[in-house]
Amino acid sequence: MQFLAQQIVNALQLGSIYALIALGYTLVYGVLRLINFAHGDIFMVGAFLAFFAAVLLDLPFVPTLLLSMAATALLGVLIERFAYRPLRNAPRVSAVITALGVGLFLEHFTLASVGAQPRHLPPLIETVVYRLGPVRVTTVHLVIFIVAVVLMVVLDRIVNRSLTGMAMRAVSWDKSVVPLMGVSVDRIIALTFAIGSGLAAAGGLLYATAYPVIEPYMGVLVGWKAFVAAVVGGIGVIRGAMLGAYLLGMVEILVAAYLPSTYRDFIAFGLLLILLVFRPQGILGRREVQKV
Amino acid sequence: MPGLLAAAFALAWAIAHHGWLNPYQQQILMYVGINVILTASLNLVNGYMGEFAVGHAAFMAVGAYVSSLMTVRLFPFQAAPYLFPLALVAGGAAAGVVGLLVAFPSFRTRGDYLAIVTLALNMIVKSAIENVEAIGGPRGFLGMQRLTSLPWVFASTALALYVLRNFIHANLGRGVLAIREDEVAADLLGVDTRRVKLYAFVLSSALAGVAGGLFAHVVQFINPRSFDIIRSTEILVMVYLGGIGSLAGSVIGATFYTVALEWLRFLGQWRLAIAPLLLVLLMILRPTGIMGLREFVGLVPRDERGLRGRLARLGYGTVDSGGGAAPSAPEGSASPHGPA
């Protein structure tokens, strides 16, 4: 029981990180219907930017977070401007392939410029261990959880309560009529990329805080898993992405805790397949009816 | 055509037998052939059928492991070179069975979900291999003899292209193209979409399995990491580089990509950053890839060349997308895509 409670704390930590990345997938998918396969690598770049901010500029945690989020948001906007926007009216597959290409470019550009050896993020948060009864909760757990929840609440507010959010939802509903309302679709899409990439950077810093090794390929697996989380929750649905991320985190941690840890991916993806057979639209997703 | 093929086969045999090219060049040629099989087979699903499968390396892995297990554990050492084709066929068959497993959930889902299903399959296969100690687990599997030679690669590649060509131009293949244009309409017109998808998936995965068997017996060492999502992405890149819905494009895409990456070796690690950048540029400037729905004459059966060719020249049946997106043939062109 004590062991289980401890694992749940760990799962909340992993789930929070997945959630921040999954939100980027789901935002971009919701607005552009594009699976942004480069998103995992944007997460990786965010982690590296945070690393350099922490090491070279010697910044503490919060400025590091803000700086890497801002820089990565800019990167997201640039990628959208130069790689995706020219293809907005092209077949969807071209955009998906471009996304794959951008992801590979980010990986190998990082590999070539900073090298393949794993780096260690210096500890930005002083680790203090609290004991809630038998369960160990560290400041790292708390900071990750709090930062993730704050960002998610802010995002939820932006999307559901603000005018910008209304415009985002409108673009996601029907891109062709939005300009008639005097809203610039380009600006909304750029903003979506900025928010999604910024959240990914936050995920990158938190990931590097919890598991302090960063390397150029770290985004591949984590990115795919966040994508899986977004799909499980129902891609395009923001609360679904959060739910899916915490579920996936829970499954992974529990599998690793009770079975040999090498079974983690096997079981996580197996469950995904089973879920898709029964509920292809995800848990909170709505079934899209195809009109003929 | 058969004469040309025989001459090419003789050349492949002579190169391997007399050592006309150095072993490194021969190896690159073999990689080219293997990549052509992978690219062309994935093109059947992604290009011709308009679905989006991303985990092709999984089938390659199944074929590689099954055929390697056969040549190393099952066949006597001396007999292995003679029984090699049997191992390739078995690897292909095993991959085909796995393809069958993917085909079923993909009937329930559409569009992006096939990407997810195949992606998950890729992860599952890799993870499963890592967890089986008997085949080396994460350390990999070795002990294969270097059974793959240029003539074998050439014969397999030619056979794969031949099978794919005939499949595409048979009735089943017309069903495949109909699904690409509009699955609902194809269904209403009486195409048995389930059966067509099933055959296309199984054929595609079986050929990838054969390619995996060839690959394992060139490098003589396989481990789960050789078949991860990065390898799958590479195959995708070759498909879209060459052109969707074109066997000639697959040949060109696979050849160009494989050879170009070798040429760029002097750039060191930067070459891997330049290749995807070129892909992005290509997608922006020419979204249908190098060949994009066009075909070489030899890759179209003779009785298909006349009318369809003329229709294509008149502008009918040239479709810009082919990627499962909006069908956009000109009004009234009931005819599918003719070769130019």
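Backbone N, Cα and C atoms are what each Cβ position is placed from, and that goes for glycine too.
Just so you know, TrEMBL annotations are computer predictions that nobody has curated.
Listed in TrEMBL for this protein:
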TRANSMEM  A:12-35  transmembrane segment
TRANSMEM  A:42-59  transmembrane segment
TRANSMEM  A:65-84  transmembrane segment
TRANSMEM  A:96-117  transmembrane segment
TRANSMEM  A:137-159  transmembrane segment
TRANSMEM  A:188-211  transmembrane segment
TRANSMEM  A:217-238  transmembrane segment
TRANSMEM  A:266-284  transmembrane segment
Proximity verdict for the transmembrane segment (A:12-35) and the transmembrane segment (A:266-284), three or more C-beta pairs under 8 Å: no
Whether the transmembrane segment (A:217-238) meets the transmembrane segment (A:96-117): three or more C-beta pairs under 8 angstroms: yes
Cβ-Cβ under 8 Å with the transmembrane segment (A:96-117): same-chain residues at least 6 beyond its ends: 34-42, 44-45, 48, 79, 83-84, 87, 215-217, 219-220, 223
Cβ-based contact of the transmembrane segment (A:42-59) with the transmembrane segment (A:188-211), 3 or more pairs under 8 Å: yes
